[in-house]
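Summarising the annotation, TrEMBL assigns compositional bias 'Low complexity' to 1-23. Per TrEMBL, domain 'U-box' is recorded for 190-452. Residues or ranges marked as region 'Disordered' in TrEMBL: 1-68. According to TrEMBL, the repeat 'ARM' annotation covers 216-258, 298-340.
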Amino acid sequence: MVSLAGSQIPSPSPGQSPCAAAAGPQRRPGRSMRTIRSALLQPDSAPGSPAPRDGHGGDDDSGDSDIENLTDSVIDFHLSELAATAGPAHPAAVAKSSSAINAAATELLDLSQDFSEYSSFNSDISGELERLAMAAAGAAPRSDAPDAAAVDLNDLESMDLSPDTAPLERVEPFVLACVQALGTDAAPDARRAAAARIRLLAKHRSDIRELIGVSGAIPALVPLLRSTDPVAQENAVTALLNLSLEERNRSAITAAGAIKPLVYALRTGTAAAKQNAACALLSLSGIEENRATIGACGAIPPLVALLSAGSTRGKKDALTTLYRLCSARRNKERAVNAGAIVPLVHLIGERGSGTCEKAMVVLGSLAGIAEGREAVVEAGGIPALVEAIEDGPAKEKEFAVVALLQLCSESPNNRALLVREGAIPPLVALSQSGSARAKHKAETLLGYLREQRQGVGCRAGSVAATSLPR
């Protein structure tokens, strides 16, 4: 089998829940940063949450099939179990260098070789993802920071948040005031405004995102994801998206039980909330164990819905997130069952929108399972891909031949269909004039068709035997 997608995640270990973590250890809103730093410096402080793994597992997804049978109550119970193991950042992690922080942030963009070579993840509404490489600007906040009660949150609207004019010791009281305003006893208007200000503060700087992450804002934002106020919900979604760009915040967001509420916002929010919820889930899927969790919590169907009904930006967000999630075999099955193939085939025909290439990559990933290959054929995927090889630009041709190779490598019937669609002449041309990768893939696919002619496959391949190159 030709592998197009990234590797699959391993099955959950015994005793580990496949669904996301529940509300983790929370600090009461309004507690001073001095108290947090004091606790972090205790010699027997608990280690922080495990860092996300960059490694890739195999295609084995055993044990994942039981996820679908979990009720919400069982899921929530296991989420609570995981929360017990996720604590505040370890002091050693706090001392991490700014260069390492920036490298972790930019990892979000490296979805795979296929995506990173030809497209970028640039879909955040409020511009959060355009500043991933900004350097962290200093050390931990000072213990003599002003009291939160002494600041006026309205000053944030006109404040210059650049590192030179807004060092952390100046920003800290505003963060604490926002956390206080997010408390459950605060008025709805105050909570909505506080979420908007956290969203603003977390937009530009890595060090501010880190400060907000240890301030207690994350668990205070999570309940707003289910708010009936669409503005409050959108602000909370985008604030968590911005915070998730800081690697160490992802574990805290997961431990706070944010995955299921983010899926809820993906289903019910405004267009902007849906797009940013998809981006936030993509960011959290950087923790490999979260990929099965996100699928089990119901994210796949609303992502598929974005492929059909979303804006161009929403479609790009959904494609990118689906690609990452479908590194898990069980999520491939969920995507096929949710009807992802038909809109993916349609998107292949939307030339020049930036969705065509990504749709091909996701389609090729879903063709890695038998039910995916069958669905692609039924939806007319082979003719659409052949047309892209004939008429598309170089990048589309390369993605199309990779998807066709995935469809035909283990299916003599699909090889015969490919021959009947007249794919041999454009494949020969691509093998001679395409990029090095495209040439290699085209030659490999032509080799399968040559085997078809020689009888290693179904008899339908003999129809075009005389036209095959030697």
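First residue shown is number 1, and so on along the chain.
Cβ atoms are placed via backbone N, Cα and C, with glycine included.
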- Query: Could you give the number of helix, strand and coil residues in the repeat 'ARM' (298-340) as assigned by DSSP?
  - Reply: 33 helix, 0 strand, 10 coil
- How many of the residues that make up the repeat 'ARM' (216-258) does DSSP mark as helix, as strand and as coil? 34 helix, 0 strand, 9 coil
- Averaged across the domain 'U-box' (190-452), what pLDDT does the model get? Just tell me the whole number, please. 94
